[in-house]
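See below for the structure under consideration.
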């Protein structure tokens, strides 16, 4: 889990002081047991929520799912085995179990760090390179990156922990103790601390600062865009209507089933899918296909249902309309043509940027909470690692124990960060804990055009 041997198994401490009092043992056992239970419960809620709530199945949440898996391993195995070791005062499960525990602990903990790096890089590229990165940001690619993170963690720690004694020809770990053999050298301990904690933290903090600056820049651009619009104007027809250029009229001889010339004019705006934005959980920045320099037309073309030409009586078509369209000049169109009203494309662009900015800020809040929890819980132990490298007896045994357990507490805090910063996680957790989740009793209620909002139709 960390870059050095645990406090009770540190090479700086020959043996864990035995003979803890019964009240002390009871307090440690109850406290650590509750922490383990909270860790397992919280991360199981994350996994179950991802399974039952389709709104949570986004690319960004795939990384949170992987982080929850690592935290679940720590809560299930690492916490309980270390508590047993701490209370007994010696390792009583044999050398094989010791090596397997250390390998599992360090692989899962390093995978947590790798997943935090993935989340940070994912947010950074989503904000700074929205067009090029979003095209490559697929669930399959996210799964590949997560698999590589776990593979790298396994390759870095598991073989060295399990087979180091065979490489050097002997096992130097003292009987009754359990720690990583090759970390008994101070210089190696110092190097692993820098590579496994300080370097990743530096990278993550740098990326978060860049994300923060870019998000603030987006907010200023959005404020300027909204400020340039004229209040109370820019309202247009519904999404089922199209605007044509002034003077663009259909040909009297346009046959049924064909659209007039004004219908074939380039559309000012591309249809926008709110559903896609909802599911992705962060706003994308695909550019609109409209040309902001164009002005909307002064006529509204309303498409009417087609009529079978064979069933129609042979009548002469009116000279100013096609069989399937009706054009009507609008006052707004004349006002826009006369006053140079801003195109509706800017309103749509502002709405998209607003929605995008909200999603980006929500994802940034989740990242900041996870990153802050990681730094606060892992820093004390890793500071002690550096201190013990230069002064073996300067760190008390109790501080080693507290620092090591504090690293484990990070796995308990992470699910709370998801719930505090993400309403979808929070609502799903609440429904699961209250036993009110039943997919068959959920109905779809439209929130926006093209999106659905799931809400319980009745309680169970």
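Each residue, glycine too, has its Cβ placed from N, Cα and C.
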Quiz item: Is residue 133 placed by Swiss-Prot on the same side of the membrane that residue 21 is on?
Solution: no
Quiz item: Given the ranges 310-351, 352-393, 394-435, which one is assigned the annotation region 'Disordered' in Swiss-Prot?
Solution: 310-351
Practice problem: Using a Cβ-Cβ cut-off of under 8 Å, list the residues of the same chain that are 6+ residues beyond the ends of the transmembrane segment (63-84) and lie near it. | Solution: 1, 6, 8, 28-29, 32-33, 35-36, 38-40, 42-44, 46-47, 50, 93, 101, 104-105, 108-109, 111-112, 115-116, 118-119, 122, 142, 146, 149-150, 366, 370, 404-405, 408, 410-412, 414-415, 418
Quiz item: Counting Cβ pairs under 8 Å that are 6 or more apart in sequence, does the total for the transmembrane segment (143-164) and the transmembrane segment (96-121) reach three or more?
Solution: yes
Quiz prompt | Contact set, same chain, for the transmembrane segment (23-48): CB under 8 Å, 6 or more residues outside the stretch | solution = 64-65, 68-69, 71-72, 74-76, 79-80, 83, 86-87, 405, 408-409, 411-412, 414-416, 418, 425, 428-429, 432-433
Self-check item: Averaged pLDDT, computed only over the residues in the topological domain 'Cytoplasmic' (421-460)
Solution: 64
Quiz item: Does anything in the same chain, at least 6 positions from residue 428 (phosphothreonine), have a Cβ under 8 Å from its Cβ, and if so what?
Solution: 45, 49, 52, 53, 56, 437
